[in-house]
Structures are given as structure tokens and as C-alpha cells.
Amino acid sequence: MTAQLNPRGDVAVLVPAAGAGVRLGPGAPKALRLLGGEPLLVHAVRRIAAAPSVHTIVVAAPVAEVGAVRELLAPVAPVVVVPGGAERQASVAAALAVVPPGPQIVLVHDAARALTPPELVESVAAAVRAGDDAVIPVLPVVDTIKEVGADEVVLGTVDRSVLRAVQTPQGFRRAVLTAAHAATGDPLTDDAGLVEKQGVPVRCVPGSEYALKVTRPFDLALAEHLLATGH
Ligand SMILES: Nc1ccn([C@@H]2O[C@H](COP(=O)(O)OP(=O)(O)OP(=O)(O)O)[C@@H](O)[C@H]2O)c(=O)n1
Ligand SMILES: C[C@](O)(CO)[C@H](O)COP(=O)(O)O
């Protein structure tokens, strides 16, 4: 299948895919591990490319796999592939650096969230288009959360009503994300964190259970089930 991206679209999607997948266990870099016989990255890019607003996709691949990832994705969608970095933040920065002129909305989306529906890509982009500088999809926290000391003794129970589990795609006005990545500081685990440090408000929108991040073996088993049942 060749997905033709929309030349009139206003959204560039950066796909950090250069992680090792240490928590998944020994094997290929995580984005290249198989889910239903295809790499996680293929599933992720196929769903991004199905979102009508998407103009450009840039993938940050493991350094040793850049050529292989280009070949892998050529039949899936037109993508730009760059070498990733040692940290997720560096991979995102490398992808952001090659976004062509045009799209003024930039989404950052983990390859590891392989089954994310195109509708979530569109809803995050729509929230940025409607006026928010930074938008993140979130889910409520469903477990009781404890703060625990170094000795594994509970220090207290956290008020979960003010907590949210954060997903991707995270969406930004392009200039806001560019400025946040240009600022120096320790690497953070998500791009909204960088934007928060700039004092920019970050809006939460509803996430999706299907945007789960494949992190541990159980997540991969769950994703296999979801894929087999039509997601
Ligand atoms: N240096 C890195 C590290 C992570 N990522 C990407 O960032 C996303 C979220 O990271 P995570 O799911 O935590 O992946 P890993 O870093 O590979 O996981 P682990 O910590 O278990 O190694 C993934 O799509 C991953 O490929 C990346 O592009 N470059
Ligand atoms: C960006 C992210 O997916 C939001 O939940 C997450 O922080 C990335 O995970 P990592 O393990 O920190 O790379």
C-alpha cells in the first residue's frame, strides 16, 4: 500500500523510533519488533498516514537501521527518515530539524504506541488548530497511587483526582515546539515537559486506550490481542 499524504495538510508528525526497548527484553530495537507479523513502526506509521491532516511524517530511526527503516516504510507511506539520538528528546530534536516549510502544527508520536487510532491524531491536531499552543492526550489514573520511601515503606497516598496518565501524539504550534527544543536543560521524558518549562500552558484532551505504549512484554501481548480483534 502507498499512502499518499495530504499536500494541503497542516500537520507534521515526528515519530521517535530509535529506542532500544530494554524493558521489552533482548531483541531488535523496539520499533522493529513484530506485532502481528509487522514491525511496531509500520503499524504506527500506517495509522498516522491515515489521518487526513498529515502533510509530513519524519521518523527518527536507530542509527544502524536508517537504511533498513527507509526500505521498510517505502511501501507504507512517504516518510523522511533520520538517525535518532541517545535520548528520546534528541531523537525528537533530530526529526524536528528536518521538517519542511509549510506545516505549522507539529505532533510528536511514539512508534511504541503502534495502535493509536488516526482519530486521536486528528483530535490533538484539531485542538492545536483551535488555538492551544500545546495539547496532550491523557487518561485518568485508575489505580490508587502511593508515595514510597527508599525502604519500600509507604509515605502517603497521592490524590489521584489531579493526576493524568499522558500519551502521545502530543501536539504543538510549530514555533512553540522549536523554541522549547532550542532551550538548554536536562532531557525530559516528553515534549510537553519542555514546553511547560517555557511557561506555555499545556491543554489536556481525552486520550485512547488503544494508544497504549508497548513497553513491557505484557503490553505486546495485549497489543497482539487488540490487533487480532480489529484495532
Ligand atoms: N533514544 C531514544 C529513546 C526512545 N525513543 C523512542 O521514544 C518512544 C518512547 O520511548 P519508550 O517506549 O520508552 O522506548 P525505549 O526507550 O525503547 O524503551 P526502554 O526504556 O525500555 O529501552 C519510542 O517509540 C522509542 O523508540 C527514541 O526515539 N530515541
Ligand atoms: C512520551 C511518553 O510516551 C508519554 O507518556 C513517555 O514519557 C515516553 O516514555 P519513556 O519511557 O519516558 O521514553
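A Cβ is built for glycine as well, from the same backbone N, Cα and C atoms used for every other residue.
Feature annotations, courtesy of TrEMBL:
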type	residues	note
SITE	Arg23	site 'Transition state stabilizer'
SITE	Lys30	site 'Transition state stabilizer'
SITE	Arg160	site 'Positions MEP for the nucleophilic attack'
SITE	Lys213	site 'Positions MEP for the nucleophilic attack'
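Everything TrEMBL records as a feature, shown here on the structure.
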{"residue": "Arg23", "record": "site 'Transition state stabilizer'", "Cβ neighbours (10 Å)": "12"}
{"residue": "Lys30", "record": "site 'Transition state stabilizer'", "Cβ neighbours (10 Å)": "27"}
{"residue": "Arg160", "record": "site 'Positions MEP for the nucleophilic attack'", "Cβ neighbours (10 Å)": "13"}
{"residue": "Lys213", "record": "site 'Positions MEP for the nucleophilic attack'", "Cβ neighbours (10 Å)": "17"}
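With a CB cut-off of under 6 A applied against ligand 2, none of the recorded sites Arg23, Lys30, Arg160 are retained. Proximity of the recorded sites Arg23, Lys30, Arg160, Lys213 to ligand 1, judged by a Cβ distance under 6 angstroms to any of its atoms, singles out Arg23, Lys30, Lys213 in sequence order.
Between the alpha carbons (Cα) of Arg23 (site 'Transition state stabilizer') and Lys213 (site 'Positions MEP for the nucleophilic attack') lies a span of roughly 12 Å.
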